[in-house]
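First comes the structure, then the notes that go with it.
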Amino acid sequence: MTREKSLALLITLAAALAAAESPPGRCHSPKTVGPCRASFHRWRYNATSQMCQEFIFGGCKGNANNFVSKQDCFQTCIRGGAAEATVVPSGPATEVATPRAGHLPEAYENRPGFREFCAAPRVVGPCRASFLRWYFDLESRMCKMFIYGGCRGNKNNYLFEEHCWSQCTGDGEITEEPGDAGAQPPLPSEPFSFSTRAVVLAVLPAILVTILLGSMGVFFVKICRKNPELSVGTVWSTLDDKEYLMSNAYTL
């Protein structure tokens, strides 16, 4: 009996070790680009090759096998890290928080600019682009990811998670986020695009009407030149009336 118990214990331990070493279920999800047309470089775990591979993510409707960095993919799926890595949101305006070890420091709310850069609510904006951005959630005191439409946002909108944390949970000076080579190119202002479209829609019909009227004018001029009697009628004067009456009198 003792031998059988030892054997059963070894089998149980082996099964537990195998389960611990196997990647989480999210790592077995297939590659999903998504229907949106953005172009973000992301990483996924390939269960066949057992390696983390880079792919292009469209920006929405992805799955959990979607990591911001190769290190996140490696720690989660290959090393089997306990902490979940940052996941790209699966739909527009979906919040994703990145867990941090330990307690977050208290936000220094009395600092100049804190209300603009950290306490302002998340603003997606009316435009329909799909840019991954970060904002500081005052209630949870965490930096969260969201999808930014591309225009009419506010200052609680960061390109990088690290800058969000340093701005809103540190004790340094709050400043504008510096530009970076990997940042998205600035979009043209929405009023300008709408005004240009309105001008084109207003001018184009006027041009078409002008061309049509000009063509009709040329057409009628050509007809009048071919048939002069249509344009210049016979002039009837009083002398013609007298001659007509005299000829009738002689006839009688």
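Keep in mind that glycine also has a Cβ here, set from the backbone N, Cα and C atoms.
Looking up C151 in Swiss-Prot gives a disulphide bond whose other cysteine, out of C127, C143, C164, C168, is C127. Each residue contributes its Cα atom, and for C164 (disulfide bond) and C52 (disulfide bond) those atoms are 27 Å apart. In this structure the alpha carbons, written CA, of C127 (disulfide bond) and C36 (disulfide bond) are 14 Å apart.
With DSSP states grouped into helix (H, G, I), strand (E, B) and coil, the domain 'BPTI/Kunitz inhibitor 2' (118-168) comes out at 10 helix, 15 strand, 26 coil. Counting Cβ atoms from all protein chains shown, C27 (disulfide bond) has 21 others lying within 10 Å of its own Cβ. Taking CA atoms as the reference points, C27 (disulfide bond) and C118 (disulfide bond) are 34 Å apart. Broken down by DSSP into helix, strand and coil, the domain 'BPTI/Kunitz inhibitor 1' (27-77) contains 10 helix, 15 strand, 26 coil.
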